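Have a look at the structure below before the remarks.
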Amino acid sequence: MAYSAKVGPSILSSDLSQLGRECERMMECGADYLHLDVMDGHFVPNLTFGHPMVECLRRSIGPDPFFDMHMMVSRPEQWVKPMAAAGANQYTFHLEATTNPGNLIKEIRESGMKVGLAIKPGTTVEELAPWAGQIDMALVMTVEPGFGGQKFMEDMMPKVSWLRSQFPSLDIEVDGGVGPDSIHRCAEAGANMIVSGSAVVSSDDPRSVIALLKNVVIEAIQKRSLDR
């Protein structure tokens, strides 16, 4: 199997006045990557930050952390080049936000970033399927995008299971309400990239939470390989 267990804290849950330090703290606590939520106030009602913040973070914390940009924006084509220039590693756009996914995938690749493709809870996994062979990662949202602190939607797990069965080596990410209480369901369904916000960032012991999330996914991957 080509995929491995990775945990990416959602930095939007951290103290935004100390963002660079918070990113470093997450990496020191064992995070495999950082999940950065970009919201434009159009595609989702909330508003966060853009490429100038990403550029500052990259300059502050250096080249090593992998930046997974979750682009909750209505014109994802517009920000590919600025995000690549700012130091983003993966550009994850929403299928619902573009009329030409194929062109956008090509553009992201040409800019030197990995390609992620996200779907909201109301979008079927079959709509993502035609693009699965062209992307590096599929993101199955387990809450409605736009706000933190929402309840995990367990009924999204069949999407993850279907993707894992159809595309065995694809990186599959889950995002929204994921923490120690819901990680087993995500791991059993086949998710291997785990975004966790407040469960990690607001914890008194982020290192232990990251380790727990990762270990559950590692065990599920090992079990899956034995069952094949």
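Any Cβ shown, glycine's included, is placed from N, Cα and C.
Those TrEMBL annotations? Automatic predictions, nothing curated.
Taken from TrEMBL, the feature active site, proton acceptor covers ASP37. Annotated active site, proton donor per TrEMBL: ASP175, in sequence order. Residues or ranges marked as substrate binding site in TrEMBL: SER10, HIS70, GLY146, PHE147, GLY148, GLY149, GLY177, GLY197, SER198. Per TrEMBL, the feature divalent metal cation binding site maps to HIS35, ASP37, HIS70, ASP175.
Taking the Cα atom of each, HIS70 (divalent metal cation binding site) and SER198 (substrate binding site) are about 17 angstrom apart. Here GLY148 (substrate binding site) is positioned 13 angstrom away from HIS35 (divalent metal cation binding site), judged by their C-alpha atoms. For ASP37 (active site, proton acceptor), the same-chain residues lying six or more positions away in sequence with a CB closer than 8 A to its CB are SER10, ILE11, LEU12, THR48, HIS70, MET72. Sequence-distant contacts of GLY146 (substrate binding site), defined by Cβ-Cβ distance under 8 angstroms and a gap of at least six in the same chain, are MET39, VAL44, PRO45, ASN46, MET72. On the backbone, the CA of ASP175 (active site, proton donor) and the CA of GLY148 (substrate binding site) stand 10 Å apart. Comparing the binding-site residues GLY148, GLY177 by how many other C-beta atoms lie within 10 angstroms of each C-beta, the top residue is GLY177.
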